[in-house]
Structures are given as structure tokens and as C-alpha cells.
Amino acid sequence: MMPESHPHPHAGAVLASTSSRRSLSLGSSISQSFRQMDTEDPFARSQSEHEHRDDEENLRWAALEKLPTYDRMRQGILRRALDQQQESGGGGVEIVDIHKLAAGDGGRALLERLFQDDSERFLRRLRDRIDMVGIELPTVEVRYEQLTVEADVITAGRALPTLWNAATNFLQGLIGRFGSSNKRNITILKNVNGILKPSRMTLLLGPPSSGKSTLMRALAGKLDKNLKVSGSITYCGHPISEFYPERTSAYVGQYDLHNAEMTVRETLDFSRRCLGIGARYEMITELARRERDAGIKPDPEIDAFMKATAVQGQETNIITDLTLKVLGLDICADVIIGDEMIRGISGGQKKRVTTGEMLTGPATALFMDEISTGLDSSSTFQIVKFMRHLVHVMNETVMISLLQPPPETYNLFDDIILLSEGYIVYHGPRENILEFFESVGFRCPDRKGVADFLQEVTSKKDQQQYWYLDQEQYHYVSVPDFAERFKSFHACQQMQKELQIPFEKSKTHPAALTTKKYGLSSWESLKAVMSREQLLMKRNSFIYIFKVTVLIILAFVSMTVFLRTKMPHGQIADGTKFFGALTFGLITIMFNGFAELQLTIKKLPVFYKHRDFLFFPAWTFGVANILLKVPISLVESVVWVVLTYYVMGFAPAAGRFFRQFIAFFATHQMAMALFRFLGAVLKTMVVANTFGMFVLLIIFIFGGFVIRRNDIKPWWIWGYWASPMMYSQNAISINEFLASRWAIPNNDTTIDAPTVGKAILKSKGLFTEEWGFWLSIGALIGFIILFNSLYLWALTYLSPSSGSNALVSEGEDDVNEIALKERSRDARSEDEISQVVYGDLGTNGATNTLVQSRVTLPFQPLSLCFNHVNYYVDMPAEMKEQGFTESRLQLLSDISGAFRPGVLTALVGVSGAGKTTLMDVLAGRKTSGAIEGDITLSGYPKKQETFARISGYCEQTDIHSPNVTVFESITYSAWLRLSSDIDDGTKKMFVEEVMALVELDVLCDALVGLPGVSGLSTEQRKRLTIAVELVANPSIIFMDEPTSGLDARAAAIVMRTVRNTVNTGRTVVCTIHQPSIDIFESFDEVRSLPPLPLSKLCAHLETI
């Protein structure tokens, strides 16, 4: 979209004259240079002052333009405030260093002045400057034709990871290499076609498993290499093999993978630094040249901002601040992200960080997959609105997938793609989509959200309610039928005409497609990764301090066991104690390196994400970890040798002391390299720990201490020479027993050796000459190089753990039977729920009767009342540094209300309003801070000891054991949380009833798996979370965002589960984000934060 107006070429002077009335402060620091200190009316100043300042600005600008290009790009002109002029006695403008401006507080102040919460105006100011000199922005048009994606999957009979299935799959995998395979082939995308144009923002909709993520990843060039892809994908007419689509486009994934120890700003800074600046520097250089030739003087603020965005390699930059502001993350910029074990930002904020990671880069095509998970409707609207401005003003190409877009967000899009069962049902302008479905016979009801209608109209279960042709009898229209009818629709025919005309490659902007693999040079990438890894080591300093502390404790223990006063020397028998002391130290050092296994595996998910998105070469990550762990090895080796060497009474010569340190240091480095390699290859904690311990035991067995070399059978001797510990054993033993104090003549005729020391070495099967020490050190260095090289190879070439594959039943009858069960049960549940939601209301607004469910275990319905609840925490240190004087921070302020049995209550409010905090306080989950107010249960004061036994809490994050089935997860919870007085038969019956209540009975034998990797889908995990709490037979249940991350249909299934729970007479409270009208109407009462009067729901929300 072109700007609304094009200023005259000489309008720059007018703009500069107008903007010169603004006051900016440039004093002792750049941050003060942008702080408005003057309250005097600028229009009251004399004309002579204006003329003097304009003359000075013109002179400085003329001097700046005479500088070489490199120097000119590093400097900008900004204005002082009036008080700064008076203090300095100078003029009103000053030349500033762009590098300092981009990385300092001054850049943030400049951004505040430019942005002013009006993203469209801000972007248009940038675009107007570019258009004034006729520079064309790079644009990308993405086309996909006859695109088909297929996958081979294992049938359901062999999907569970039992010992028998693992063996069977392995054998059949070998057989499949030489003959037929038992895998099924499924088609994810089926011959789809379309065009994504610049300046058009496209919304991708579809029910679960429709292929939305696969389509996005295919267009972004990030599909799994195991998938079979046919058809063509082109950017501006170029196939993706001619450039790097990972750098030309940006893909925002569904899953939030971040380093939990880093803050939001640090995370975005790292991604911006790695992704680089693209062609910004060249564009701004050309822009400045054309402006100089045309005699145009740009707005100094815009000029300084654009130059600041073109600075590469900085640890922090103004682009990060812009991204934080756009995504609403500036309020938590310096808060760590956190994870399941570390408290950090909220789930919605994590989703915005995932989006921000890719927005900081220079990509002109964006594919954003489910970016609204965990966000409230207002935040989603604001983010999508900014993306709309970015698309229309800067000619970006954007496709966004949303789960439950509210109507106001849906209306921001230009085009809609509806995908179902791998077919494109519709692809065209948003204005024509309802026309298409009405031509087929389906109409969206007046009070129905269009996005929800689109995701349900292709479902066989939901389709009939939208049939509006009364004169014709309804008949089911399948997805292939929809796709076939779309081919004759005018929007599809117009798109087909455009696809038939090839894109002219000559019109492609030189900067549109990226042919450089990485945004930084290899050296700059290594510096960036090392800086991040150093930060992570600092944040995880407790681990390294703990390791050193354990080493010190073990050193003191070993010193008391092998005290030098009880360690005589000179005899062969004395050598056994010294040999044991040396071996104990060696084993301690080896075990100390074992921790590298877990540390490596913990980093892999984020590493794979950054590697696949071409943030940096894989070897830079490996080299950074190798180099940064050298000081750790030095410290731990020094601690052990310094504490134990002389206390245990080893050879007192200084040379021997340092040689033992070298041997232990090389051993520690070898151990860390070995376990880093194993972690990178094995990838999962359970397998890596098991196999790592096995490798460690093998190394010990063949190390020369447990079994001497002379006692090893010939067919196993290769294991002795291949064991790294053998060379470590030789090095430390030779260093000790060839010392002068062991050079006593040997009197033992059974050992052919001239000295006692050599006799001891020979009896142990070790080397007996000094050269053996350096040979062993050389061998250890070789192992270090070998293991580190293999570690780098694994990081570069191995793929992440296998992704989730569809589980296909052995026969179609099984699929049909399960589907039939689900449809029939859904119909029954919907009939029951309709009686509750739309039944007659009593005088108090609640239903007169509850649909009673057969409950095996009795429970006591309880009401929860809270009056004037306040919650305080200690004032964070960061806020104290910013000038806050209070000692406490109030998170909840005078909250009152009540939750009743059989009534479903919704807690609503924007992100950060305190919904989860209130539930945590009421549930007794807050262990810090101060709570004030009264909380009662059915009139009695609440006691946490008993309340914990009659309440359940479903967290927003679905955390489950991945290697058990659904039935096993629920059974485990029941056996631990139900009273021991209940017999096993009754517990089992109750488990089955709960599974039926949450509609998981047909999935009872399904493996839970890992989120985003294998096992259950998101909505199935959410229902499992509810079941795990419900099986404890609670009277009160708190649910934190049970519908977040779900599409409209999946959210309806979860809400049906919640409604069924309420119908049993329990008290249920839910926080809710982005509710559709159907979900909203399923609640009986709404509690708003910040507090609003408690509102009842009726059929059309008239009270609200």
C-alpha cells in the first residue's frame, strides 16, 4: 500500500523547520538528551532564536554531509533542550554518535518520541522519507502450486514404546530397507495452490490436524526432511533452492522454546544480533546519497532512528526496544522468561517473546503460527493491528494462523485461507468468503463469529446447524466437495489466472531474496554465542559452585582416609594405598564431568530451533561451550590437586605437583568432551543418563584398576587400549611412582624391575618409563579432540528427536468405530448441556435443576467466599532502583466475591490483571508475600491443611509424565490422592467414570508423550489435566485458562468437559482468554478484574 501523500522534494526543509521546535536534551548522557525538560511555550520564542537555531542546524547538517559515507552513517543530528542550551551557552543542535544512541537509553527516549503509541503514523513517517527519493522497498510474492506433502507413519498397534514393540519396530525397520514396510502413507497437504502477495495480510484458519502448520513450514522452507514433498514453491519466481528461505522469511512456531534463565530483552537482543540487519545499511546509504543529490534535508529524528537500526553486531539495539513496545513486553523486559521450575513471565508473554524473536530480523515474509495462545483479546488485536500497518505501509508479506480470532481481529485481515483435511476450501479476499459458503448452502448466523463458523462448517458434526436452504433437504458436504466447488468460484478462477502468468524474475528487488546463509560473519557469530553462553553460565552459577563444593567435601573425605601420616612409602605394599588414592581422585574427576550430560541436553531444544532458523552456524555453539568450560576444568582440577596433593603425601617435588595437575586437567576435559558428545547424540535425559552411566562403567572396567592389563583376555585387550581412563591412570601413576623417593632397589624377585616404583607400575600392568607420562597426556589430548569433533559433528548434522507422527489404526473399521463412539457421545453430551445452559433460569439466575451424573464417590458441595482480599509482595529490587519508595507491592486490591456449587464462574481481565494471582491466593498456592482479608468455606474459616484435600487446581501448563498412557496417568493420581479407606475396585470405577466425563475413554491407551513432539494433542492434554485433578474427588476446582491454545471446536470440547464437571454439583472457577460467544455463554457468572459488579449471563447477555 502506497503512502497517502507524497511530500514535495523540497518539503524536507519545511519538515525540519517544523520539527526544530521540538526540544531534546543532550547533556552528560545520551538518555538525558531526549528528556523534555523545558515547559516554555515554543511559540513564544523570538523569531531571531528560531532563525539562529535553523542556521546552526543547517551548518551542522552541511558539515555532516561532507563526511565520508562510513563516518556519515555513524553520526546524526539531534536538538538540545532550552535549558541545556542555556547551561552550555551553545546552539540548539548537537552531533551524536549513532552507535551509542542505538545501544543506550537515549535510543529508547528517541523511540518514545517517535512512536507515541501510534504505529501507523510512525511507519508512515519512515515510508514517506523513503518514497520522497523514489527508493523501492524489497517485496516478496510467495506462490505454491500443486503442493502435496506426505508422511510415513507407524500403525497404532506398534506405536506404544513397549519392549516388544521396540524390538518389532527395529526388526521391521531392517526388513523394510530390503523389502516392504509396514508403515502407512498419509497425505497431509493435497494438491494445494495459492499466492501470498505483498501488502496483503492473510489469515490461515482450519480445524485441528488440517495441515496449517505443515503449510506454513513448507512455505517457510522448514519442513522435516523425512516428509515427501511434491509441487513447487517460489519466491518472486525463484524456487527455494536458489536462496535461503529460512533467512528470506521468518517462521514463528507454536511452541515457546527459550532459555529460561535469560530475560525478555536479552532473548530478543540475541535473536536480533544473530539475524542481522539485512540490506538496511545499503538502503540507508543510498537514501542519504539521493537526499544529498536532491538537496533534501530529512527529519533529524527519523534519520537518527533509521541509522540506529542499521548498526550491526551490537549487544543491544533500538530495534529490540521497538519490538518490546509493539508487543507490549516493555513492562517485563528485564524479567527472566522462566519455565516449569523457574518463575518468570506469563504464558501469554512467552508467546509474544516467541513472536518478537523473529520480528527483530530483516525478513520481509512472515509466517506466524498460532501467535495468540495465552493472550487476551485486546493484546491479540493490538499485535495483529500493528502487523496490518506493517504490511500495508512497508509492503510486507504476512500469513498468520489464529485459533479463536475475535471478530474485530478477524476483520483486520485482507485474505483468508481455510484449510481442512489437507484441502484448501477457500483462498481469497475476506469480503467474499461468506458469499462462497452461501453459494454452497451454508450461512453464518448473525451472532456467530465468522472465524468460528468457518472452522465448524466443514465438520460433519457441526455442519447441519448452518444449512439455510429451507426449500432443499440438507445433505452432508464433504471437504473434497467444498474444495471442488471452490474451483468454480470467481476468487479461485482469478487466482488460477494469476498463477498461469509466470512471475517476472527481472522485477525481483536485489535485496528481496537472501543468498547469504547467516546474518553475521563466523567470527561475529562466535562472539554472540559466547556472550550468551557466558551469561547462561553466570545465571547458572549455583550449579558450578555446587560442583566445586561437592569436590571440596570429597577432597576432605579423601584426605582423612589417605592421610600422609598413615601413608608410608618405599615398599611395594605401600604403593597399593597410593595407587588407590590416585584412582579415587581419577574417578572423582570423571564423575564430576558427568554433569555436562544434563547441561548439554537441557540446551538442545533451543539450540535446534536457532540452528534450523539459521541464527548461527552449529559449530559456533559447540566451540563456545568447549572454550567456556576450560576455566571450569582448571578451577576444579586446581581445587582437587591443591587440597589433596601434599595432605595425602604424594611426591613433594614441584614438578610432580604440576604434572599431576596437568593429568587431572586433561582427564576432566576428556570427561566433559565425552559426555557433551553423548548428550548431543542421545538427546533425551533418560536414555542419555542410562547409556552415559554404562559408558562410564565400561571405561572404569577397562581402566587398569579393576582388572589389570595382564589379567585381561586377549579378545578384550582392545578395550583396555581404547579406554581413556587407562591413559589417565598411567599418567598419574608414572608421575608418582617414578619419583626419586620410589627409586629404592627392588628386593622382590618375583617382579623383574630395578626399583620399587617400577615394580609397582609393572605389577599393575602400567608403563614403566617417563615417556609413558607424555604418551598418556598425548592420548588424552587426542581423545579430547576426538570427542569434541564428534560433538561438533552431532550438533551440525543430527536432527532433533523425532517429531510426532499420526497414529493410523490397523484397519479402517477401527477408525470408524472410534469416530462413531465420539459422535454419539458428543451428541448425548450436547443434549444434556443444552438443558443446563439454555434451560429455564430460577430467580437467582442459576438453573433450577442440575443434570446429575452418576457419582461413585460422594463429596460435599462447598461454596467459597472471600471478602476484602489484598495481596502484597516485597518490592522488587529493580523497582526500588527506579525510585519506588514503598516496601511492598500490592498485586490484589480489595477483592470480594463468592463461588457457589453448580455454578460455573469465569474470571476475565487483560493480561496482568491478577486473575491467576487471585486463584493462587484462594487456593493457598502463594507461599510468599502477605495476604489480608477473609476467606471462608460455606461460612467456616478456611484452613489450608484441609482445603488442599477438597480442592483441585488445573494449571495453565499441562505437565504430565510423557511415557505413560492416559489411563495410567489418571489411575496414578487416584491411587495417591484418594483416601486409603476406599477399596481398589471403587477407585477403578471412579477412574473410568472420570475418563468418560472428560471424554478420554476412547483414548485410554494412548501415550501422553511430549508436547509438540509426540502423543496427545493440546486439547487432549488439557482434558487430561482436568481429569487428573477431578479424580481426586474435589469439591472446588480452579482452572487457569483451560481453553488457551485451542481452536474454537477444541475449546468447545474442553468447555463441555468443564460444564459436565459443574453439573455434578462442584464449584468450578475458570480464567478465560479470548472467549467466543458460545464459550462465553456457557458460563453462569462472570467476575472481572479489575473489579466490576458481578454479572449474570442470560441467553443474549443483556445484563452484560
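The backbone N, Cα and C atoms fix where each Cβ goes, glycine too.
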(request) Could you tell me which of the ranges 578-601, 722-745 is annotated in TrEMBL as transmembrane segment? (result) 578-601
(message) Suppose you look only at the domain 'ABC transporter' (169-446); what would the mean pLDDT be?
(response) 89
(message) Counting a contact as 3 or more Cβ pairs under 8 Å, with residues at least 6 apart in sequence, do the transmembrane segment (638-654) and the transmembrane segment (578-601) touch?
(response) yes
(message) Cβ under 8 Å, sequence separation of at least 6 from the ends of the transmembrane segment (771-794): give me the contacting residues as numbers and ranges.
(response) 618-619, 622-623, 626, 659, 662-663, 666-667, 669-670, 673-674, 676-677, 680-681, 724, 727-728, 730-731, 734-735, 738
(request) With a Cβ cut-off under 8 Å, give me the same-chain residues at least six positions beyond the ends of the transmembrane segment (542-563) that come close to it. (result) 577, 580-581, 584-585, 588, 592, 595, 599, 632, 635-636, 639-640, 643-644, 647-649
(message) If we skip the immediate neighbours and take only residues 6+ beyond the ends of the transmembrane segment (685-707), which ones have a Cβ under 8 Å from one of its Cβ atoms?
(response) 579, 583, 586-587, 590-591, 594, 597-598, 601, 674-675, 678-679, 716, 719-720, 722-726, 728-730, 764-766, 963
